[in-house]
Amino acid sequence: MEGLEIIQAFFILSLASSLAFAFASDPSPLQDFCEADPNGSVSVNGKVCKGAKLARAGDFYFSGLHIRKNTSNSAGLIVTPVNVAQIPGLNTLGIFMARVDYAPNGGLNPLHTHPRASEILVVMEGSLHVGFVTLNPENRLITKVLYPGDVFVVPQGLTHYQ
């Protein structure tokens, strides 16, 4: 009987752990979206929601990343952000996007970090030298030169540059 009890106990533990694994995830959001109310004054987790009944397609839309910007400044780059100010529907979603134009003779986005976000870089034209420094175990420098169509990921919180 001991062998059967061990098998039953193993089966019950396996079932319990698989159920726990199946339900181990981030909690679902309380609402589908929370498009920002530009006139709201309270800010808890982003901006005040204007209400789902007032949502329009324009709250989730931005046009302009196809426009090249002037890079004749000391850094040799210009950033076109796409955040909740441009797309109110991004409010509370934890998403940010940007187009970065670099000067043809070489711009520099100096060492910086994003403590709460990873970064994905996509090169559309030209080439871009990118890199980040690992924290563990030995503070290694990871670098790559990107070309059109290349994608590079910088893990969350690591110091990086372009």
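Cβ atoms here come from the backbone N, Cα and C positions, even for glycine.
Since this is a predicted model, take the numbers as computed values, not measurements.
Here TrEMBL flags 1-24 as signal peptide. Taken from TrEMBL, the feature disulfide bond applies to Cys34-Cys49. Taken from TrEMBL, the feature domain 'Cupin type-1' covers 63-162. TrEMBL lists Asn109, His114, Glu119 with the feature oxalate binding site. Among the features that TrEMBL reports, Mn(2+) binding site is placed at His112, His114, Glu119, His160.
In the structure shown, the C-beta of His160 has more C-beta neighbours within 10 angstroms than that of any other entry among the binding-site residues His112, His114, His160. In terms of local Cβ density within 10 Å, Cys34 ranks first among the disulfide-bonded residues Cys34, Cys49. Comparing His112 (Mn(2+) binding site) with Cys34 (disulfide bond), their Cα atoms are 29 Å apart once rounded. Every protein chain considered, the tally of other Cβ atoms within 10 Å of the Cβ of Glu119 (oxalate binding site) stands at 19.
Per-residue confidence over the domain 'Cupin type-1' (63-162) averages out at a pLDDT of 89. Other than the site residues Asn109, His114, Glu119, same-chain residues with C-beta atoms no more than 8 angstroms from the centre of those residues' C-beta atoms, the oxalate site, are His112, Thr113, Val154, His160, Gln162. Of all the recorded positions in the list Cys34, Cys49, His160, the shortest Cα-Cα distance to Glu119 (oxalate binding site) is found for His160. The Mn(2+) site, placed at the center of the C-beta atoms of His112, His114, Glu119, His160, has further neighbours from the same chain whose C-beta lies within 8 angstroms: Thr113, Ala117, Phe132, Val154, Leu158, Thr159. When the binding-site residues Asn109, His114, His160 are compared by Cα distance to Cys49 (disulfide bond), the shortest distance belongs to His114. Note on proximity: of the binding-site residues Asn109, His114, His160, the one nearest Cys34 (disulfide bond) is His114, by Cα distance.
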